[in-house]
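S.K.: Have a look at this one.
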C-alpha cells in the first residue's frame, strides 16, 4: 500500500500529500456529506421561496397601475371631472409622493425592510379599491394622494429585499424583478380592459384583484428575506452617511434615468401621433411597442450583467440607446419614430436594475439606505424635469429638437457609469 494511503488500526494516519488525516469509511463521512447536502438543499429552497415572495411584491406594486390606467375614463366619468379637473387630480398627489419619500427616507435602515414592505403592500391593496369606489372629485384626489404615499413606503423596502435575494444568489437578479413589474402592469391593463368591456365596475375589479393578491401575500410573506445589512447609529448619522461623494454619481444616474424613462412615457405617443402626424392609434401602438420591448429586454439584463459586468453593460446599452434614438430623431417618419422609442426602451432596460445594484452595494450603507438615495434622485427627474423641461423646450424649439435632450441625458449616463465605486457582493 502506498505510504500516503496508510492508516493505523484506529483508522487515522497522515499523508505527506494530504492536509488532513485519512479515515476509514465507518459511515461517519457519509452522514456528514448527507447532512451538508440537506443543508444546501434547504438553503436553495429558502432562496427560491424568497425570490418568489419578492417577485410577488413587484406584481402587487405594478398590477394596480396597469388596471388603473385602463379604468381612468370610467372613474373620470364616475366623478364628473372635465379635462382641467382631471389634470388637477393628477397634480395634487405629488404631495403624497413627497411625504411618502420623506417618510421612507427617515425609516430606511431603521425599521425592518420586510415589515415596511408588507405593510406598504397591504396599504396599496386596500387603498386602490376604496379610491375606485369614490363618487366625488375630492375623494379621488385624496385616494390618489394616499396611493402615492403608501407606494413609496413599499417600494424602497421592496428594492432592498430584492437586493438581499440577489446577494444570496450571488448573481444578478434585479432585471428579472423589474420584468415582474412590467408583467404586472401588463396583466393589470389586460384585466382592466376586459373588465371595462364586460361593464364591471372599477371598484369591483380592484376588489377582486386586490383580494387575490392579498391572499397570495399572506401565503408567502413569511418567505420574505430580512435585509442582512442593518443601518447603525442615530438618524442624523444615517442621513449623513448617505449624502457622500460615492453616492453622488449614483444619485445623478437615478435622476437621469427617471428623466429619460418618464420623458419616453409622456412624449412617445404625442410625438408619433402629432409631430409625425400618424394619428392617435399609432401613438398608442408606439407606447405599447416600446413598453413591451423594454420588458422583454429585461429578461436578458441579468445574464448580460453576469457575463460582461455592470459598468460595461450600462455603457454599451446606453450608447446603443443614444445612437438608435438619435438617428431615428433625424429621420422624419412615423416608422422611424416608433423604432427610436423601441430602441431607447431596449437600451435603457439595464439602467434601473444597475442603479439599484450599485446603490445597494455601497460600503457602510444598508440596502434600504442606498435605495432611498435612488428614489431621491429619480423623483425630481421623473416628476419635475421630464414634463417641465421638455414641455418648455418644445414650446421654444419644437418637440423633435426637445427630445434631443433625452440623447444627451443617456450619454451622460454612460459617462457617469465609469465613475461609480461599489462593493461587489
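The backbone N, Cα and C atoms fix where each Cβ goes, and this holds for glycine too.
Just so you know, TrEMBL annotations never went through curation; they're auto-generated.
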S.K.: According to TrEMBL, transmembrane segment applies to one of these ranges: 84-108, 334-358. Which one is it?
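M.R.: Matching range for transmembrane segment: 84-108.
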S.K.: What range among 52-72, 367-387 does TrEMBL record as transmembrane segment?
M.R.: 52-72
S.K.: For the transmembrane segment (203-225), which recorded stretch in the set 115-134, 140-163, 246-270, 276-301, 403-422 gives the largest number of Cβ pairs separated by under 8 Å?
M.R.: 115-134
S.K.: Should anything in the same chain at least six residues away from the transmembrane segment (115-134) have a Cβ under 8 Å from its Cβ atoms, list it; otherwise answer none.
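M.R.: For the transmembrane segment (115-134), the sequence-distant neighbours (Cβ-Cβ under 8 Å, at least 6 residues beyond its ends) are 57, 60-61, 64, 67-68, 71, 75, 78-79, 104, 107, 140, 143-144, 146-147, 150-158, 161, 201-203, 205-207, 210, 213-214, 217, 221, 224, 368.
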S.K.: Using a Cβ cut-off under 8 Å, which residues of the same chain at least 6 positions beyond either end of the transmembrane segment (175-197) come close to it?
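M.R.: Hits for the transmembrane segment (175-197): 54-55, 58-71, 73-74, 162, 204-205, 209, 291-292, 294-295, 298-302, 305, 349-350, 352-353.
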